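Trainee: According to TrEMBL, the protein has these features:
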type: ACT_SITE; residues: A:His141; note: active site, proton acceptor
type: BINDING; residues: A:Asp134, A:Glu207, A:Glu209, A:Asp241; note: Ca(2+) binding site
type: BINDING; residues: A:Tyr136, A:Arg150, A:Gln248, A:Tyr252, A:Thr357; note: substrate binding site
type: BINDING; residues: A:Asp241, A:Lys261, A:Ser265; note: Mg(2+) binding site
type: DOMAIN; residues: A:25-126; note: domain 'Fumarylacetoacetase N-terminal'
type: DOMAIN; residues: A:133-401; note: domain 'Fumarylacetoacetase-like C-terminal'
There are 2 protein chains.
Amino acid sequence: MHIAQLKNLSTWVDVSDGSEFPVYHLPYGLAKMPDGSVAAVSRIGDLVINLHALAAMGFLPVDFDVNVFLKESLNDFIALPKALHLKVRKELMELLMGENPALKNADSAVKSRIFYPITSTQMLMPVQVGDYTDFYSSKEHATNVGIMFRGAENALMPNWLHMPIAYHGRSSSIVVSGTEIHRPWGQIVPSAGGNPIFSPSSQLDFELEVAFITRRGKPLGQPIKADEAEDFIFGLVLFNDWSARDIQKWEYQPLGPFLGKNFGSTISPWIVTLEALEPFRCHGPKAEKPLLPYLQTSGPKTFDIQLEVDLTTESGVSTTICRSNFKYLYWNISQQLAHHTVNGCNVNAGDMMASGTISGPEPGSFGSMLELAWKGTKPLVLADGSSRTFILDGDQVTIRGFCEKDGLKIGFGEASSKILPPIDY
Amino acid sequence: MHIAQLKNLSTWVDVSDGSEFPVYHLPYGLAKMPDGSVAAVSRIGDLVINLHALAAMGFLPVDFDVNVFLKESLNDFIALPKALHLKVRKELMELLMGENPALKNADSAVKSRIFYPITSTQMLMPVQVGDYTDFYSSKEHATNVGIMFRGAENALMPNWLHMPIAYHGRSSSIVVSGTEIHRPWGQIVPSAGGNPIFSPSSQLDFELEVAFITRRGKPLGQPIKADEAEDFIFGLVLFNDWSARDIQKWEYQPLGPFLGKNFGSTISPWIVTLEALEPFRCHGPKAEKPLLPYLQTSGPKTFDIQLEVDLTTESGVSTTICRSNFKYLYWNISQQLAHHTVNGCNVNAGDMMASGTISGPEPGSFGSMLELAWKGTKPLVLADGSSRTFILDGDQVTIRGFCEKDGLKIGFGEASSKILPPIDY
């Protein structure tokens with residue numbers, strides 16, 4: 001369908017004009033319902049759709065056990081074949097479109113078991129993340145960090161233009177939007193040098209990222225090729241890779257970031273499917289060096305996703321401190337997954353792979369405080385008149401994302417988290 | 001009990017003299033039984049004990065749902081409170097000890113549903129690893145690698161003596177002993193320099209490690225202190241952290257090892273409990289620098305575990321190429337877990353934390369080919385007359401471990417895996 005048709009898709013459900021969750025969107029999430037039960041859900045406008053109720057009452061014909069919609073995560077649903085996911089999306093969209101009477105004309109008692117105001121539910125962590133990988137795929141970010149720590153001459157490492165650099169991160173501490181995080185303690189070397197001290201981090205940072213969630217992969221030893229990679233990707237979420245720069249700086253040689261990262265990461269609760277993102281497909285930057293064949297892709301392999309970061313101080317005043325875009329990333333998700341598995345590494349349904357900080361070319365598009373305030377040398381002035389070089393206790397950082405083209409708009413919602421003071425140690 | 005009493009614990013079960021699985025040991029594993037079912041098991045001599053059958057038939061009184069012994073992993077059992085684990089061990093040992101008639105005098109039909117010859121079962125991956133962390137806790141190993149890559153002057157990084165350095169690894173590719181692994185493909189820079197090529201690794205290596213498996217930890221934000229850390233550790237397994245040195249060398253700056261490691265790791269199937277290891281408790285090396293309080297431990301906090309590595313060539317000839325000991329590690333498991341959680345990082349039941357390569361002071365105790373053949377400069381001559389600088393296709397690497405003191409001996413079994421040729425790409 002042409003995008004003009006998609007934006008005009010009508011629905012019998014009451015959706016406000018300009019909603020980022022039109023009938024075309026239909027993301028997936030996991031929600032605690034008003035009765036305390038947990039169910040897989042989708043969303044239209046400001047209504048949550050209970051997929052288990054929908055399927056169990058026969059409104060959504062499915063070729064699998066409807067109990068996959070009643071688990072503590074979406075992993076079992078995500079592990080189903082892609083063809084079944086496509087069918088669920090198609091059936092669900094048709095059910096809600098136009099004046100389709102199948103559900104529209106059902107008793108209000110029936111509909112009240114299917115539709116819930118979003119304010120009456122609590123969005124939960126949608127997947128149990130088996131493995132989490134963090135890429136480093138923004139050339140602007142890698143270059144900025146390189147200039148700050150190694151100088152402009154050696155900003156980009158020699159390997160960077162040859163492969164999507166990545167490292168493994170911690171799955172257990174990935175939390176859903178709304179979860180508060182304590183400022184971490186750790187070993188920090190004072191700026192004057194000398195032995196490390198034990199202290200709460202004073203260089204707490206966010207990182208604006210987007211993560212993809214994988215379908216069931218191949219057995220150990222069998223790579224996923226770049227041209228089939230998208231078939232193994234279920235959808236995308238917003239991702240804040242909280243970082244303690246002072247802890248990270250002291251620990252990361254020679255094996256990479258560890259405690260400077262694994263105290264918490266925040267994701268948005270709605271998984272935006274690749275199918276919904278299709279109209280927003282676009283080209284990424286051109287490769288600056290010849291790529292080995294296993295990393296070569298053709299056609300538009302990334303997506304135009306507008307991203308912004310708000311910082312809200314304890315006084316409640318918000319400032320948008322960054323506007324960036326997913327399409328700035330040098331390496332696309334097909335290249336990332338092909339690289340990750342080229343050695344035979346296996347992936348499972350529900351694994352999460354984040355992009356790395358998404359910085360754009362302009363200073364206002366840098367995706368971390370480290371870059372925005374340029375290592376503390378250019379404090380950011382906020383709307384309430386206060387200034388920041390890093391994140392203070394009580395600050396709330398909110399990442400938002402959406403796609404918009406020719407009048408069709410779909411939202412990612414938000415990944416938002418507040419920093420609490422360090423615990424008493 | 002004194003060790004002399006422990007070694008003389010008698011059992012009515014037929015156990016051969018010198019068995020590494022005496023009635024005192026009682027490790028945990030997961031097995032595929034002859035009828036194809038999967039069950040949690042223990043072991044005495046060469047018999048596997050079906051814990052589900054034992055509990056379901058009332059021979060093992062348990063204060064929890066016996067179905068935790070019927071899951072696809074031991075995670076639910078490991079997530080139970082430590083007090084319940086201690087009770088299972090005590091009840092099981094008493095049932096098998098001396099001439100206790102409770103089970104001894106049961107019908108042979110009953111006993112045949114409980115005891116199985118180990119050769120009739122297949123040992124499976126015992127846990128579903130939520131997160132896997134690899135430490136770098138052998139000073140000898142870190143020093144050897146440092147000398148080879150940075151010279152003797154800067155061998156040890158400045159942070160190394162201040163904290164147990166670690167990085168996150170890949171959970172999905174940890175496999176149980178006996179699983180064969182293909183030589184990985186990857187980006188490798190030729191020794192003459194220039195652009196990377198795409199090639200199977202020609203520097204495939206093993207790493208002799210031991211990993212601990214955690215109990216359920218604390219909520220996100222709450223550290224586990226060093227003096228309580230052992231309460232959160234369920235047991236230990238042998239661990240081979242397969243490594244492709246040429247892939248690792250090109251990719252690891254600045255974020256650490258990735259594809260050079262995540263194509264596969266091999267563990268032994270039997271989890272040796274901390275309780276069984278108690279008689280083999282000992283002191284590790286003295287700290288060479290003052291430690292921050294959160295890393296200070298007192299008393300003997302490590303274990304005397306003898307380790308060896310055999311390399312078996314395709315002709316079937318085995319050579320023991322390394323003899324080392326867990327007690328050489330500079331950082332103990334209490335320090336490792338306290339460090340890992342000091343920033344609030346949460347751990348779950350079934351997480352795995354490996355030691356890093358365990359090298360001792362003598363060349364024959366080095367725990368990797370990289371060190372044994374000193375970066376290819378001192379080829380190892382094997383018993384069949386062939387020589388090795390790294391691992392060849394068809395080579396099988398077997399790690400064995402045991403504890404022995406005053407006549408009491410308990411075994412870890414083995415972590416063994418054969419390297420297959422690279423797949424066709």
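Here the Cβ of each residue, glycine as well, is placed from N, Cα and C on the backbone.
Annotations in TrEMBL come from automatic prediction, not curation.
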Trainee: Given the recorded positions A:His141, A:Asp241, A:Gln248, A:Tyr252, A:Thr357, find the one whose Cα is closest in space to the Cα of A:Ser265 (Mg(2+) binding site).
Mentor: A:Asp241
Trainee: Listed binding-site residues are A:Asp134, A:Asp241, A:Lys261; which of them have CA atoms within 10 A of the CA of A:Gln248 (substrate binding site)?
Mentor: A:Lys261
Trainee: Other than A:Asp241, A:Lys261, A:Ser265 themselves, what residues in this chain have Cβ atoms within 8 Å of the centroid of the Mg(2+) site's Cβ atoms?
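Mentor: Filtered neighbour residues, in order: A:Asp134, A:Gly169, A:Arg170, A:Ile174, A:Glu207, A:Phe239, A:Asn240, A:Trp242, A:Ser243, A:Asn262, A:Gly264, A:Ala354.
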Trainee: Compute all pairwise C-alpha distances among A:Tyr136, A:Arg150, A:Gln248, A:Tyr252, A:Thr357, the residues listed as binding substrate, and give the largest one in whole angstrom.
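Mentor: Farthest-apart Cα atoms in A:Tyr136, A:Arg150, A:Gln248, A:Tyr252, A:Thr357 are separated by 18 Å.
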Trainee: I'd like to confirm something. Which of the binding-site residues, A:Arg150, A:Glu207, A:Asp241, A:Lys261, has a Cα closest to the Cα of A:His141 (active site, proton acceptor)?
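Mentor: Of all the candidates listed, A:Glu207 is nearest in space.
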Trainee: What subset of the binding-site residues A:Tyr136, A:Arg150, A:Tyr252, A:Thr357 lies within 10 angstroms of A:Glu207 (Ca(2+) binding site) at the C-alpha level?
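Mentor: Within 10 Å of A:Glu207 (Ca(2+) binding site): A:Thr357.
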Trainee: If one measures from the C-alpha of A:Tyr136 (substrate binding site) to the C-alpha of A:Lys261 (Mg(2+) binding site), what distance in angstrom results, rounded to a whole number?
Mentor: 14
Trainee: Which of A:Gln248, A:Ser265, A:Thr357 has the fewest nearby Cβ atoms, counting only those within 10 Å, among these binding-site residues?
Mentor: A:Gln248
Trainee: Round to a whole number and give the Cα-to-Cα distance in Å for the pair A:Thr357 (substrate binding site) and A:Glu209 (Ca(2+) binding site).
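Mentor: A:Glu209 (Ca(2+) binding site) has its Cα 5 Å from the Cα of A:Thr357 (substrate binding site).
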Trainee: Is any of the recorded positions A:Tyr136, A:His141, A:Glu209, A:Asp241, A:Gln248, A:Ser265 near chain B, in the sense of a CB under 8 A from one of its CBs, and if so which?
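Mentor: Listed in sequence order, the recorded positions near chain B are A:Tyr136.
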Trainee: Just name the most isolated of the binding-site residues A:Arg150, A:Lys261, going by other Cβ atoms within 10 Å of its Cβ.
Mentor: A:Arg150
Trainee: According to DSSP, which of helix, strand or coil covers A:Asp241 (Ca(2+) binding site)?
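Mentor: DSSP assigns A:Asp241 (Ca(2+) binding site) to coil.
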Trainee: Residues other than A:Asp134, A:Glu207, A:Glu209, A:Asp241 within 8 Å, Cβ to Cβ centroid, of the Ca(2+) site?
Mentor: A:Leu208, A:Phe239, A:Asn240, A:Ser243, A:Lys261, A:Ser265, A:Ala354, A:Ser355, A:Gly356, A:Thr357
Trainee: Using Cα-Cα distances with a 10 Å cut-off, which of the binding-site residues A:Arg150, A:Glu209, A:Asp241 are near A:Lys261 (Mg(2+) binding site)?
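Mentor: So far as Cα distances go, the binding-site residues lying within 10 Å of A:Lys261 (Mg(2+) binding site) are A:Asp241.
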Trainee: Across the domain 'Fumarylacetoacetase-like C-terminal' (A:133-401), what does the mean pLDDT come to, as a whole number?
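Mentor: Average per-residue pLDDT within the domain 'Fumarylacetoacetase-like C-terminal' (A:133-401): 97.
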Trainee: Could you count the residues of the domain 'Fumarylacetoacetase N-terminal' (A:25-126) that DSSP puts in helix, in strand and in coil?
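Mentor: Output for the domain 'Fumarylacetoacetase N-terminal' (A:25-126) reads 41 helix, 23 strand, 38 coil.
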Trainee: Within the chain of A:Glu209 (Ca(2+) binding site), which residues six or more apart in sequence place their C-beta under 8 angstroms from its C-beta?
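Mentor: For A:Glu209 (Ca(2+) binding site), the qualifying residues are A:Asp134, A:Leu238, A:Phe239, A:Asn240, A:Asp241, A:Ala354, A:Ser355, A:Gly356, A:Thr357, A:Ile358, A:Gly367.
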